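Accompanying notes for the structure given below.
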């Protein structure tokens, strides 16, 4: 009886240990380190010791300079006047061409859309009329726009190469310069007498001759200067009537 009791006790202990081992065996492969918590070891980063001062943190981000941000140097950029299309050398050459009717016009310079000089000349013409007691800024700009549109259509019909509206406005605006001299004389003297009529006719011929010379040079219209000068004289005649009356 004692032997049976000892054998049964040993069998029971063996059976219990084998069952407990079988139950706990599937979970035996997972070992969770206590110090790492639930973070895998490959995601753990080694902490670097802080070597800076408490109130003076280190600069972690270096801002890029303006030159590296935009990718170009400010010194290599063109001047502002060149970007706006204002060339004082060409303005001076065009002005001399208008003031000197017998001078040969340079077609390459005249065939440019330069509206800086014409705007200044139109403003100067209106200012001289204002000094003479005539507020005609609206008429000056309105007649200029209508005249440029008419000459644009006419020159495109007459020429083979064609011309842009900006080029027509530029040439007609530069040739308005002699008309400023007429309006300046109107401030001091009256232009309604015989001398005024002669002076007015001479200024109209001057403006129309300069404009037609520039147009035939830029558009290669040899032998057609008189045909171009006639509509130009009609346009500048309107400005002359504003100056006289």
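From the backbone N, Cα and C atoms, a Cβ is placed for every residue, glycine too.
Annotation source TrEMBL lists domain 'Yip1' at 98-242.
Summarising the annotation, TrEMBL assigns transmembrane segment to 115-132 (among others).
Positions annotated as transmembrane segment by TrEMBL: 139-165 (among others).
Sequence-distant contacts of the transmembrane segment (171-191), counting only residues of its own chain at least 6 positions beyond either end whose CB sits under 8 Å from a CB of the stretch, comprise 94-95, 97-99, 110, 115, 117-119, 121-122, 124-125, 128-129, 131-132, 144, 147-148, 151, 197, 199-200, 203, 206-208, 210-211, 214-215, 218, 232, 235-236, 239-240, 243-244. The transmembrane segment annotation in TrEMBL covers 171-191 (among others).
Look at TrEMBL and you will find 198-221 (among others) tagged as transmembrane segment.
If you look up TrEMBL, you'll see 227-244 (among others) marked as transmembrane segment. Sequence-distant neighbours of the transmembrane segment (227-244) (same chain, 6+ residues past either end, Cβ-Cβ under 8 Å): 125, 129, 132, 134, 136, 139-140, 143, 147, 150-151, 154-155, 158, 172, 175-176, 179, 182-183, 186, 191-192, 196, 200, 203-205, 207-209, 211-212, 215-216, 221.
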